[in-house]
Amino acid sequence: MKPINQEKKLLKFSVYGALFFAVLAVIWGVVENSKIILFDGIYSLISVGLSIISLITASYMQKQDFDRFPYGKEMIEPIIILGKFLVITILCLFSFFSGVSTLLSGGQEVNAGSGMIYSVLATAGCYLVYLYLKKKQKLNGSGLVDAESQQWLMDTFLSLAVLAGFVLSFGLGYSKYQNLQPFMDPLMVIIVSGYFLKVPITNMGRQIREVLDMKADDKYLDLCEEIVDDIEKKYKFQESFLRVSKSGPKLFIEIDFVVSPEAWQPSLSEQDQIREEILLQMQPISLKKWLNVAFTNNRKWAV
């Protein structure tokens, strides 16, 4: 199956999975009057909307439009992912302050036993979906699928935290501290939403780096530097300049070799051979590559 078709299939799978858990959580949360379960459901509903946007984006990106996008549409991906995590950040902030408001107003009673059953089902289900998407993402290198898997991982930990809270709440009901039980539900909302703020914020930082065309991660840069250094020594070039940035599923690599006027001057065919040699050594990088290799006698054209 082509990577693009595989990507769309995985995104559809994520949409259907998120919709199922969203409906389950919203109904369960309303019936049991639990803010934390309702928060889980609303998060899943938002995930459905974001997954649909990812699906539309994937379809749009595969359509060639060289006139309007001469460097490809890959820049759209980090922008969409940035928007997704921004929405999740807003949800976490809203839930945090909603939990604080409920806590200050005296809390609310919930059925801890029913909440535990929901949490077990949600934790197991979300984690299985995360494992499946993560495994498939490693094969096709899709940033959109990776963002989806991150959402499912967040939902897994959210459900796990909810489970821990309900277990504690259930235990309080059989202790001398049962008067604290109404505060457990809003307290869980505060802790979970506050803690998970760091996940979208961290990911937004990574996407902003791509949108601003900043240097790529070290795992890509280190390999490129090693290859360029070897080529420079092998052909005795005067010096070299390397620029590497990542935009969605594409890695932009620009290499400039400064050739001394007194040294060996590669012909056009020899330059192409060097390009092929460099590209061959970059095979461990699974991303699509935009490779530009230039040769000059004058350093000013490389700096």
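Glycine too: its Cβ is placed from the backbone N, Cα and C atoms.
Look at TrEMBL and you will find 12-31, 37-58, 79-104, 116-133, 153-174, 180-197 tagged as transmembrane segment. What TrEMBL records for 12-200 is domain 'Cation efflux protein transmembrane'.
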Who are the chain neighbours of the transmembrane segment (153-174) in space, where the CB to CB distance is under 8 Å and they lie at least 6 residues beyond its ends?
21, 36-37, 40, 43-44, 47, 88, 110, 112-113, 115-116, 118-120, 122-123, 126-127, 130, 180-181, 184-185, 187-188, 191-192, 195-196, 199
Folded-back contacts onto the transmembrane segment (180-197), same chain, C-beta under 8 angstroms, at least six residues removed:
34-36, 39, 89, 91-93, 95-96, 98-100, 102-103, 106-110, 112, 154, 157-158, 161-162, 165-166, 168-169, 172-173
